[in-house]
Structures are given as C-alpha cells and as structure tokens.
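Have a look at the structure below, then the notes.
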C-alpha cells in the first residue's frame, strides 16, 4: 500500500529540521528535570547578624538569573540598574548572599534561571533564629471572684516557635499549665491569689517571662478561737472572732438574732492583725462589762463584703466547763473502779451526772434499739459538795462490775445555768482470773486484777443513729495505750503497760498490765 503524499511530505520536513539543528541537540520545553540543578533546595537556619549564602547552581550556563522572596522580586541579572536590597548581593554563579541577617529576612526564596534549554526554578528558605519574648494580656492586675473563670493570653515571639508554660504561684503550690497560649482556669479559693506567670522557651538564649497579679475576692472567712465562753455574772465577758477577707469585711454582732446595741457597757473592739497584699485579717471583739443574766446566750459574729456574708456562732454562758478525769491513787478491783474528775465553774455546782455502760462483744456497739439492756447507758446523779471553786474536784466508785470486761464512762456537771458539755469517754477494763486455752500465745501470761484505761471523744447520739456513741472500737489484738485524762494528756502521773491476753465474754481482747506512778504534787492538786 503506497503512502499518501501528505505523510511523505511530513517525513521529508522532519529530516530537513534534524539536519538544520543537529541530531544530538535536545529540545527543552517547560522546567528541566530536578537533576538539572547541581544545588538542592535547603532551609538555612542562622542567628541574627550571621551571613547566609543561598545556592543556585545549574549544569548548564544560564542567560539570566533572578531571585524573589515570597513572590517579591529582589534581584534580576537582566536589569543591572535595578537597585539590590540592602545586605544582599548576587554572585556571578547565580548564588544570593545575605549579610547580617535580621528577623525580617525570614521567608521563602526562589531562584529562577533561563538557560538555552528553557526556564528552571529552585526554592530555598531562611529561618533567622532569635530569642523568645513574652507578654501577658491583660497587663493590669486581675480582680476576680472565687468561682469565676480566669482568662489570660500569653503573646510570644521567637524562632523556633517558643514553648509556653503558665505558672500560678500562690501560697499553697505552683500549678503548671503546659503549652497553651490562652489560659482558662477556675478560681476555686483565695489561695489562687498571686503572680500569674507566662514563660516562653525556644532554646535561643534565656527563657522570657511575663507576669500579672491575680487578686481573688472571696467571702469572708471567720475563725472562732473559743465557741463557748464561760464567765461569771458581774465580770466582763469577751467574745472574739478573727476575720480574713478581700475586700475587707464589715462586722456586726447579734444576740439571739437581734443586732447588739452598743453603749458604754457593751463595746465593740476592732483591730487590724495583718494587711496582706491579697487579703486582710482583722480581730473583732465584743466586750460586755458587768455581765447580767440577760447578757448570756447565743451570739453571732457576722462579716460581709461585696462578695458575700458569713457568720459564726458563739455562746456566752455561766454553765460549768467540761470535766476531765484524773488518775485515781487507789487501785481498782475486778468488780469496782475508782474515778476522780475535775471541772471549773464560776457558780457553785449542784450535782454531777455519771453515765456508764459495759461495752458488748464485737467491734462496733449496736444501736440503742437493738442494744441489750445490760449494755445500755446507765446514769447516776451524784450530789455536789456545794463549794464555790472555781475549781471543783469529785470522785465516785462504781461497784458490782463484771470482771474481765470493758466499760465506758462520761461525766457532766450542773450549776444554776445548766449542764456542762459531756466529758471525753473514759474506757477502762476490769481485771480478774481468765482461762487461757492450752497452746495459745498467752499460755504463760496471767492477768489478776488488771485494769486499763483510755479516753475517747464523746459524741451525743443523733436522731438517726439509734443512740450510737462514736469511736468505741474494742481492741482485738496487742496494744500499748498511753493513759489519757480529760483532753487526752497525762497529768501528774505516768503509766506503763505490757500485753497480756484476756478472755472477755467470749471475745479475745488484749489488755495491758498497768503501773501508775502518781507524784506527790498530783495528789496535792486533787
């Protein structure tokens, strides 16, 4: 099949063109291959005032070269009259030199060349590394209330990108918040007052910090040193409360719910204790001269500021103070126990109430509704001798106790103003002969006439606890109790105890041999 005349003409034209240009000459259209550049794209990281050389080497001679940064023309070899930016120089081989680089020189640079084969381009970058800076907004001290959200922004600069750390330095602790430019934190209490600091670090030079003061406004906090103040008619009664607040609080006193009327006999005393940067502490006192019966009763110290109001209850009373048990000089027996107690009353005492019970088996005393009668609290009213005091001492001997048993006892006292609060619980164990199982750890021990004592805090039964008295766990293993009287401290005597096993009502309880050393001074105090 013969070729068409058109095909023959095209073949002849192609041969003529090859003869004119040469068969070894390549025709380049568009960008050359990546291998055409001898240099490679790179990112140059330098510090300020360093010199940077950006290469633009090609394997073929170029007709012209031009450099641009972020699409902004810098130099073009075709236009020698074009003014080159300061600190920049174009080398004959096409490279661009930047001297004394500054932060503004950071950016993307493009080298574009034109060769006989066509146009080619290569990209480079300069990162000028500089020390981090930090600033906090808002700049002025931040006033904020408890329960609100604290918001702050840390504005930072630097190359490389800085790492951000927040620090709240208050009186309790230092709380970090990691790598967040914006801080959101709930103000939980007044301890969040203090400097709020933002620190930026990027490894170039020293870290940069900025700080702002956080001032927390909070409801006044009231501290009462003594909620019950015992006094005597005709003397001066002094009630006191300590108030911590920001802003500073105003104080008002109330008696039985009504505002106290101040006069020459009833005086309000206010004293500045501490004026801290973030709070104020004030001592507020109510002094009542020449006390009358009508002055006794419940008082309230009420403090308020623009955040809120708080109050604390106090009692001005003529009732006796809480009694405390003292060590008895006479040793007890397995069926009886001697008690001595002491109390203070500004008015003559009328009587005492001694409450005692035997502790049942098990670790926790059952409720009153299910408590067997033999383990229920029993009461004895003991007349007072009517002495004027103010210190009053008395004693009693409980008879008919069960040997090798555990008992608890409390005492209250009464004068014409009412009953005192109950004393701490005194727990003691009666002695007696016990039967030891052969082969037990206590096989070689004996416990004839052994008593142990311990004081525990007494709590009045609530409405829903069935008459349960708190903290009445029975020890079920070896122990070495220190004797506690009244508030739990030994007064005028010492006690040493060594473990010995005792079987009590089917419950294995470990008690201790007790040795009292009662000084002459203590006997004189009694």
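Cβ from N, Cα, C; glycine included.
Note that TrEMBL annotation is computational and uncurated.
Annotated features in TrEMBL:
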| type | residues | note |
| --- | --- | --- |
| COMPBIAS | 441-456 | compositional bias 'Low complexity' |
| DOMAIN | 32-127 | domain 'Ig-like' |
| DOMAIN | 132-217 | domain 'Ig-like' |
| DOMAIN | 220-317 | domain 'Ig-like' |
| REGION | 436-468 | region 'Disordered' |
| SIGNAL | 1-22 | signal peptide |
Per-state residue totals over the domain 'Ig-like' (132-217) - DSSP helix, strand, coil: 3 helix, 56 strand, 27 coil
DSSP-derived helix, strand and coil totals, residue by residue, for the domain 'Ig-like' (32-127): 6 helix, 48 strand, 42 coil
Residues in the domain 'Ig-like' (220-317) grouped by DSSP into helix, strand and remaining coil: 3 helix, 61 strand, 34 coil
